[in-house]
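K.L.:
One structure, as structure tokens, below. Some questions next.
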Amino acid sequence: MNDFAVLSTGRKMPLLGLGTWKSEPGLVKQAVIWALESGYRHIDCAPIYANEPEIGEAFQETMGPDKGIRREDVFVTSKLWNTKHHPDDVEPSLLKTLKDLKLEYLDLYLIHWPYAFQRGDTPFPRKEDGTLLYDDIDYKLTWAAMEKLVGKGLVRAIGLSNFNSRQIDDILSVASIKPTVLQVESHPYLAQVELLSHCRDRGLVMTAYSPLGSPDRAWKHPDEPVLLEEPAIAALAKKYNKTPAQIIIRWQTQRGVVTIPKSITQSRIKENIQVFDFTLESEEMSQVTALHRGWRYIVPTITVDGKSVPRDAGHPHYPFNDPY
């Protein structure tokens, strides 16, 4: 099996990458260095993770003509944050990311969420009651500004994150440069079968974030299911002499889904890439997919009147009100 997906541009995108969300400064630089040393050639970043300058230091120390790893052999993704959807803000935001990452171009640039927050330099602009200040910028206008970055050679490909099927088609209806990738939450409890099929039919590759169920999130629910303790996955792990995490990553990559598990632990970073030396049988693949229960771990929430509620559900571009 190939260890890469092929984008509609013809460019290869490694099926396994290092996620960097929640990797705090002070630890993320070393994690990226360990990943590159372990054979990773795909790093997923975003300015909202507040660690791009440190990732840039890791790139500076490991990549270059005299460093052993060539820039063109590493696939680097970053994302446009919600406060930067205004067409005038798109290029400056990318240039800041490039400066922080110490790169001349990105392999992939994604619109992080379909909805916009109020313009400015406050990442989460809020009203006095704690609710967020939104903007109604149409993401199709944002997309047109993203397309210009390709023409300028600043990004090799552009794509979407957290968009639903209807929103993808909305972008495709106006795109002169098509999105190549959709990055969404996906794991056995949220298998995204319909959305994956929707993407395939339209030439998009899917990337799965929080592929292990994001066990280190801030807003965990006490009753939520724990993916890594799922008995069906434990049984497969035992059979193949692998960890539950490796079984889950293998399931994703075997169905052609790019997977970006986050870790700052050297042993886990190494373990997560050791998934290309075995193959799940087709009924085992189906067994894992059948664990789907529509469980979304990543729904940004806020507390209103003492209750935890979805933060952005009232926005007209909120993606999770549609079936997929």
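In case you wondered, yes, glycine gets a Cβ from its N, Cα and C as well.
Heads up, here are the entries from Swiss-Prot:
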ACT_SITE  Tyr49  active site, proton donor
BINDING   10-21, Asp44, 161-162, Ser210, Leu212, Ser214, 262-265, Arg268, Asn272  NADP(+) binding site
SITE      Lys79  site 'Lowers pKa of active site Tyr'
K.L.:
When neighbour density is defined as the number of other C-beta atoms within 10 angstroms of a residue's C-beta, which of the binding-site residues Gly10, Gly19 has the lowest density?
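P.N.:
Least crowded of the binding-site residues Gly10, Gly19, by Cβ count within 10 Å, is Gly10.
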K.L.:
Given the recorded positions Lys79, Lys262, which one is most crowded in terms of C-beta atoms within 10 angstroms?
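P.N.:
That would be Lys79, with the highest Cβ count within 10 Å.
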K.L.:
Based on DSSP, name the secondary structure state of Tyr49 (active site, proton donor): helix, strand or coil.
P.N.:
helix
K.L.:
If you count the C-beta atoms lying within 10 Å of each candidate's C-beta, which of the binding-site residues Ser210, Thr265 ends up with the smallest number?
P.N.:
Thr265
K.L.:
How big is the Cα-to-Cα gap, in Å, between Met13 (NADP(+) binding site) and Lys79 (site 'Lowers pKa of active site Tyr')?
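P.N.:
Pair distance, Cα basis, whole Å: 16 Å.
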